[in-house]
Amino acid sequence: MALRMSPRTPTPAPFSLRPLLAANMACTMAMMAFVSLIGPIVRQVGLMAWQAGAAVTVGGVLWMLLARPWGAASDKHGRRKILLLGVGGFVLSYWAMAAVIDVSLRMMPAALLVFIGLVITRGAIGAFYGAIPTAGMALVADHVPPMKRAGAMASLGAANAVGMVVGPALAAMLAQHSLSLPLYLTGLLPIIAFVILWMALPRTTPVQHPQRATLKLNDVRLRRPMAVAFTAMFCVAVAQITVGFFAIDRLGLVGPAAAKAAGIALTAVGVSLVLSQMLVRKLKWQPQRMIYVGGLVAAIGFGAVALAESAPVLWACYFVAAAGMGWIFPAFSALAANSVEAHEQGAAAGTVGAAQGLGIVVGPLVGTVLYSVSPGTPYLMVGAMLAAVAVWPTADAMPPAGKADNNTDKPAEKAGDKPETVA
């Protein structure tokens, strides 16, 4: 009797970061293009500066509030579904915002209507964007071993940094034709990213775990990652909101010269972030060491801004500070992933994302209040905070054996496959 051979199950393709890199860079480019244009847009449609700030703040608040729910949803429904929902919602919201701005520039409706339109669309952008880093970090934790997670997170950070540099530069070139053209063209990038994610993300089925307690916001395992995440985003927000004022009040620059000095400082930040996060992959340090070294380097860079008396010194200080921040950002994400079990990865990423969102919301408020004391005060405070988290006396929390380095999402064809390696 002839034996019947069963067909061989195809080997799953290695996990690749490239789709996530594309999504992160595309969405960051689009958002930073808008940020670089918001000043001229607001002035032209007759809004006040505080109204522009309010629209941006609403996006940060919704990101903060929805980060944990997005993470929990990715644990329940799978990373692919939540990433596609997040990027798809981002695309629709961004194009809606571009349309609101375009119509406002052409028809000049009442300022209140423009303000309401910006708040709604920018808020929706923040709400959907919160799903992208949250589900993305959880997906990395699913497929990348704990010892390599910091390097993978650094790659995502480098993609964001590229978007931070290229987005405003592209907007500046296109804005010569119209203020709405850069928004429409950069809005094409997230559409391309959505298609890439749809085609390349692994089709997985979430593992059904027994009913367990929900990861609490004050879980002791996440205290350090949350503290570092909040501090990092708080410090970045303070540095972004005060650099233009610093160029005017401390450096004595006016008008275009002040804007140029601030723009070069922020460009230096983006370049430094890319370089430092590329270095992270080469060094292969563990998260605790990255936080220690990165925190001290960033503290020195930001603290030195208080002594800056010329634009080149300001640029150098921001470059050094960003180099340290480039080590901190992937470190707290990896530390959070290494501290919890496999079925908690999405919730942990969402919790850290909420801490980041809180830093984005609170940073500009505190930074501007302290700036009114003296131009150097916010930078001294930021340096002290970074030094404090750097020397926080604790060891890296590592996952129980066989827990956090197991996939939460398993390939649908073969649930027993071991975690995939990064391509």
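Indices start at 1 and increase along the chain as displayed.
Heads up, the Cβ atoms here are built off N, Cα and C, so glycines get one too.
Note: TrEMBL annotation is automatic and uncurated.
Per TrEMBL, domain 'Major facilitator superfamily (MFS) profile' is recorded for 1-402. Summarised as a single figure, the pLDDT of the domain 'Major facilitator superfamily (MFS) profile' (1-402) averages 81.
If you look up TrEMBL, you'll see 21-42 (among others) marked as transmembrane segment.
Using a Cβ-Cβ cut-off under 8 Å and counting only residues 6 or more beyond its ends in the same chain, the transmembrane segment (48-70) has close neighbours at 35, 38-39, 42, 82, 86, 111, 115, 118-119, 122-127, 129-131, 134-135, 217, 346-347, 349-354, 356-358, 360-361, 364. If you look up TrEMBL, you'll see 48-70 (among others) marked as transmembrane segment.
Taken from TrEMBL, the feature transmembrane segment covers 82-101 (among others).
The feature transmembrane segment is assigned by TrEMBL to 107-132 (among others). Residues 23-24, 27, 31, 45-47, 51-52, 54-56, 58-64, 66-67, 70, 73-74, 82-83, 85-90, 92-94, 96-97, 100-101, 353, 357 of the same chain, all 6+ positions outside the transmembrane segment (107-132), place their C-beta atoms under 8 angstroms from a C-beta of that stretch.
Beyond the transmembrane segment (153-175), the same-chain residues lying 6 or more positions past its ends with a Cβ under 8 Å from any Cβ of the stretch are 17, 20-22, 24-37, 40, 133, 136-137, 140, 181-182, 185-186, 263, 266-267, 269-271, 273-274, 277-278, 280-281, 326, 329-331, 333-334. Look at TrEMBL and you will find 153-175 (among others) tagged as transmembrane segment.
The annotation transmembrane segment is assigned in TrEMBL to 181-201 (among others). Nonlocal intrachain contacts for the transmembrane segment (181-201), taken as residues 6+ away from its ends with a CB within less than 8 angstroms of a stretch CB, comprise 16, 18-19, 22-23, 25-27, 29-30, 33-34, 37, 79-80, 83-84, 87-88, 90-91, 94-95, 97-98, 101-102, 167, 170-171, 174-175.
With a threshold of 8 Å between CB atoms, the same-chain residues lying at least 6 positions outside the transmembrane segment (226-248) that come near it are 254, 257-259, 261-262, 265-266, 269, 291, 295, 298, 302, 305, 308, 311, 314, 318, 321, 325, 328-329, 331-333, 335-336, 351-353, 355-360, 362-364, 366-368, 370-371, 375, 378-379, 381-382, 385-386, 388-389, 392. What TrEMBL lists as transmembrane segment is 226-248 (among others).
Under the heading transmembrane segment, TrEMBL lists 254-278 (among others).
The list of residues near the transmembrane segment (290-307) in space but at least 6 beyond its ends in sequence, with Cβ under 8 angstroms from a Cβ of it, reads 150, 228, 235, 239, 246, 276, 280, 313-314, 317-328, 330-332, 335, 375-377, 379-380, 382-384, 386-387, 389-392. Per TrEMBL, transmembrane segment is recorded for 290-307 (among others).
TrEMBL lists 313-335 (among others) with the feature transmembrane segment. Below 8 angstroms of C-beta separation, residues 137, 146, 149-154, 156-157, 161, 224-225, 228-229, 232, 235-236, 239, 243, 246-247, 251, 261, 264-266, 268-277, 279-280, 285, 287-288, 290-291, 293-302, 304-305, 307, 349, 352, 386, 396-397 of the same chain, each at least six residues beyond the ends of the transmembrane segment (313-335), sit close to that stretch.
Annotation source TrEMBL lists transmembrane segment at 347-371 (among others).
With a cut-off of 8 Å between Cβ atoms, the residues of this chain six or more beyond the transmembrane segment (377-395) that come close are 224, 227-228, 231, 234-235, 238-239, 242, 288, 291-296, 298-300, 302-303, 305-306, 324, 328, 366-367, 370-371. What TrEMBL lists as transmembrane segment is 377-395 (among others).
The region 'Disordered' annotation in TrEMBL covers 399-423.
Residues or ranges marked as compositional bias 'Basic and acidic residues' by TrEMBL: 406-423.
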